[in-house]
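Undergrad: Below you will find the structure I want to go over with you.
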Amino acid sequence: MPSYRSRISTHGRNMAGARGLWRATGMKDADFGKPIIAIANSFTQFVPGHVHLKDLGQLVAQQIEIAGGVAKEFNTIAVDDGIAMGHDGMLYSLPSREIIADSVEYMVNAHCADALVCISNCDKITPGMLMAALRLNIPTIFVSGGPMEAGKIKWKDQDLRVDLVDAMIAAASEHNSEEEVAEMERAACPTCGSCSGMFTANSMNCLTEALGLSLPGNGSVLATHRDRRMLFEEAGRQIVALVKRYYEKDDETVLPRSIASRKAFENAMTVDIAMGGSTNTVLHLLAAAQEGEVDFTMTDIDHLSRRVPVLCKVAPAVANVHMEDVHRAGGIMGLLGELDAAGLIDTSTYTVHAKTMKEALDHWDIKQTNEPTVCAFYRAAPGGIPTQRAFSQSCRYETLDLDRAKGVIRDKEHAYSQDGGLAVLYGNLAKDGCIVKTAGVDQSILTFKGPARIFESQDSAVSAILNDKIKTGEIVLIRYEGPRGGPGMQEMLYPTSYLKSKGLGKVCALVTDGRFSGGSSGLSIGHVSPEAAEGGEIALVEEGDIIEIDIPNRSIHMLVDDVEMKQRRAKMAAKGNGAWQPIEKRQRKVSKALKAYAAMTTSAAKGAVRNI
């Protein structure tokens, strides 16, 4: 029977000093012997997805105390990718994931906590905390801040629902006036919460549900809705129940590595492919799998992508569907239900809230249950009032979206596409693979062939696009933006948004060893591995080389023969210390922190985790 980890600092005569310090935090005699449960919050006023989290840790703490535990809250950092986008701030986004993982590990292990509740929400915070949870392998529950409401605007005589990507596209188009752009900007992000489409933050929060590490509705119920309060309170109660099962009954099925098994990772990736989630999820799931010592690789993702259909399309893949609509259709439990009916997931996996995923679906899938509380929960609707307050409204839809033929979530028979929403491409340009979000690609360009336009920074590519130097049929190739080459593997939301604003979104492609925001769409191929700075073939592409992309056949090739490629590689190697570096002089300050990240990071094909 495992002992409480916290006993090492709360019991024994030699720990009198430690107990004295615990008492100074508010602990009483009766508290020594209770489980100490860490609450990792990520409140910050910099990020709309986290601005409302300040007091929510105490909601969890109250329930932990009532259930017989001792709650201790701490905070970690959170970077807003949207605010960091388009300048050197984006270099820090992906590296912050490792710092978040480390900070959670440091706090939990330094203070010998017995269990963990992770309050996350946005892009790198959920993955960082997930990595930490799998390292620590103590009872853990995730509860996120929830998605933002979609913006609503009457714009150019149209009633639209919008998000931040719409504001970016509007601003880049010369056809919109300053007043029109300002109007769109003010409407795009009306409330607290993670951005309203199926971007990285919401994708990852949905995937914690699929992994079994968070409660039903975690990925979809709005940040503003009072129903989300129930998730925080239940997380506090449930974590104590998990603690008792592990420490008092020796039940290892409640541990993160038991819950997030290989089968659970396959389930999560299946959900991601079926809903056309962010390509960043590939990076983060690979990283988390390595932390949990789970044998889950790009090869597995490739196999899944060939058999999983697209059952759900959300902005930016389609303009009029946001997370509030996914929730009305049953959320991730509804999507898992359809995948289960199609025989595409394994429901024997464990969860933090039910013994198995099958048991969870029996209760929470709106197509399988008539439970009034469940049906009411999934009718939670937006309030339509700008706010930064959590749980500030209680609006409900009159009906659920149960239409699996034409609704937001489809069954396999009525899938948007029988081919998955994400694909792994291989070829002489990406020997270790690259990723494309096929759910956001127009059917007319699933195969594409064109000349490469070479750029060695995101900035130079953006300048070329905005100055009309990119023409129909060309492939914008941005290199030396990978984990090591950037360093930090910047997101390329601005180049993709500007291509769309210039009317090139369906007639051009973008290929990079960097990555894309969950808000990106179009023929955007990222994570090219090996990256340029690692000696990848992408560094050897020359201006005008023809690149052939074939998504149905999962291939990406540059039409250059092997003899020529060997000559180019030899020429590059002859540069000595100057090899595998951008020729273009980049105006980029690389700090010691970023240099340290670059020195230790691995390829995107391995999740860009550190090689230690």
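Keep in mind that glycine also has a Cβ here, set from the backbone N, Cα and C atoms.
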Undergrad: For the Mg(2+) site that Swiss-Prot lists with D81, D123, K124, give the additional residue from the candidates E474, E481, E491, E531.
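TA: Given D81, D123, K124 bind Mg(2+) in Swiss-Prot, the matching entry from E474, E481, E491, E531 is E491.
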Undergrad: Expressed to the nearest Å, what is the distance separating E491 (Mg(2+) binding site) and C122 ([2Fe-2S] cluster binding site) at their Cα atoms?
TA: 15
Undergrad: Within 10 Å of the Cβ of D81 (Mg(2+) binding site), how many other Cβ atoms can you find? Include all protein chains, please.
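TA: The answer is 28 other Cβ atoms.
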Undergrad: Using the alpha carbons only, what distance in Å do you get between D123 (Mg(2+) binding site) and S517 (active site, proton acceptor) once rounded?
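TA: If we compare the Cα positions of D123 (Mg(2+) binding site) and S517 (active site, proton acceptor), the gap is 9 Å.
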Undergrad: Can you count the other CB atoms that lie within 10 A of the CB of C122 ([2Fe-2S] cluster binding site)?
TA: 28
Undergrad: Identify, in sequence order, the residues in the chain of K124 (Mg(2+) binding site) that are 6 or more apart from it along the sequence and have a CB within less than 8 Å of its CB; answer 'none' if there are none.
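TA: Correct list: A78, V79, D81, S93, L94, S96, R97, I100.
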Undergrad: Would you count the other CB atoms within 10 A of the CB of E491 (Mg(2+) binding site), including those on all shown protein chains?
TA: 32
Undergrad: Quick check for the class: what is the C-alpha distance, in angstrom and rounded, between C122 ([2Fe-2S] cluster binding site) and S517 (active site, proton acceptor)?
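TA: Distance (Cα to Cα, whole Å): 12 Å.
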Undergrad: May I ask for the distance between C195 ([2Fe-2S] cluster binding site) and S517 (active site, proton acceptor), taken between their Cα atoms and rounded to an integer number of Å?
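TA: Just about 11 Å between their Cα atoms.
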